[in-house]
């Protein structure tokens, strides 16, 4: 309750801040444009059959919620930001094996701009692959009939263009809006889709059946538990004591238990869904060996399989640890402490401080990463036990929505504090 009151007062204070008001209005304008694009359809698709197919396919339903319904509408934005996210992951991983990329990652603003350029270039072939994979899945279900090569090229081109437009909109939010463009757009997509999914589920539910009532209560309980757990981990902070030679008092350097925010979950969901997408797209291949392998791959990475859960868990942990070093740089923090005359008690300034901060960061963040990964996989585990198919999708959606809201709260708080500080200074 205290956190809710604090958040409401923060938003009220934020709307009084001219700079933040502009940022919020700009973000809303971009999101409205995104929702308009989400309703521009790709021609040649039987939408009634498509919606029915999505309702029966849990994996595609999850992708549809993340895309904000653009997939079930088969709009030009049907691929969402998935190709861009996958391209970003690939480049970050390639940084470990390609020295030039690793050097670019260390080159500050110039390096980030160059890596963003490479990410956008890599997004294009990944978008083409995913568009063709989606076409293959829908064609195998007779949702899309036989099309000429020219029509297929037009469909793929429009979907690739839709993804590139969404990337551009996300970058505009990064530059002029509030929050991370990718996470805000995924958040908007989920929020726009969840009420529709909830109403559809409730309208066909038979509440005279005790099992249906149990399923609803279990889902609500799970959603509340996820909200509580995510808020707890987002607010948890480890404080490192810092002393100053010219001051008598000791201050503290805070390290958040979840430094990386929501991006590790989004990255993990995006990557772990790829094998299932590949399997479903090749399941009707003319070659029996390929078709058989594709069906096995699709089954192995179903949302309740052990392989899926273990892979998802490990990916959330790995991406959280990796992103933590991107957000919190021990070398930079150690240098700032040295310049300001600060030091960790019992630790020499410079490299020794950097190593100590690195050690503490990994210890603290590892606990948070494991906790976050458990929150991510528990809905799927409960689904596999109870057989309630909506738990995994709903649980993951709630997890991302709550994480993004908390991340936005932090961004808004930073802008408000900056504005108040500037007022005091001038």
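Glycine is no exception: its Cβ is also placed from the backbone N, Cα and C atoms.
Here TrEMBL flags 24-47 (among others) as transmembrane segment. Distant neighbours of the transmembrane segment (24-47): 14-15, 67-70, 73-78, 138, 143-145, 147, 151, 154-155, 158-159, 162, 165-166, 169, 172-173, 176-179, 184-185, 188-189, 192; these residues of the same chain sit at least 6 beyond its ends, with a Cβ under 8 Å from one of its Cβ atoms.
TrEMBL lists 59-78 (among others) with the feature transmembrane segment.
What TrEMBL records for 121-138 (among others) is transmembrane segment. Long-range Cβ contacts of the transmembrane segment (121-138) within its own chain (Cβ-Cβ under 8 Å, at least 6 residues beyond either end) map to 45, 50, 53, 60, 71, 74, 78-79, 82-84, 86-87, 90-91, 144, 152, 155-156, 159-160, 163-164, 167, 277-278, 280-282, 284.
What TrEMBL lists as transmembrane segment is 150-169 (among others). A Cβ distance under 8 Å defines the sequence-distant neighbours of the transmembrane segment (150-169), meaning residues of its chain 6+ beyond its ends; these are 30, 33-34, 37, 40, 42-44, 70, 75-81, 83-84, 120, 123-124, 127-128, 131-132, 134-135, 181, 185.
Residues or ranges marked as transmembrane segment by TrEMBL: 176-196 (among others).
Marked as transmembrane segment by TrEMBL: 216-238 (among others).
Non-local neighbours of the transmembrane segment (259-278) in the same chain are 59, 62-63, 66, 82, 85-86, 88-89, 130, 133-134, 137, 180, 182-183, 186, 294, 297-298, 300-302, 308, 311-312, 315-316, 319-320, 322-324, 326-328, 361, 365, 368-369, 372, 376, 396, 399-400, 403-404, 407; each lies 6+ residues outside the stretch with a CB under 8 Å from one of its CB atoms. Per TrEMBL, transmembrane segment is recorded for 259-278 (among others).
Feature annotation from TrEMBL assigns transmembrane segment to 306-328 (among others).
TrEMBL lists 360-382 (among others) with the feature transmembrane segment.
Summarising the annotation, TrEMBL assigns transmembrane segment to 388-408 (among others).
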> By Cβ distance under 8 Å, which residues at least 6 away from the ends of the transmembrane segment (360-382) in the same chain are close to it?
Replying inline: 218, 222, 226, 229-230, 233, 236, 238, 240, 255-260, 264-265, 268, 303-304, 308-309, 312-314, 316-317, 320-321, 324-325, 328, 330, 388, 391-392, 394-396, 399
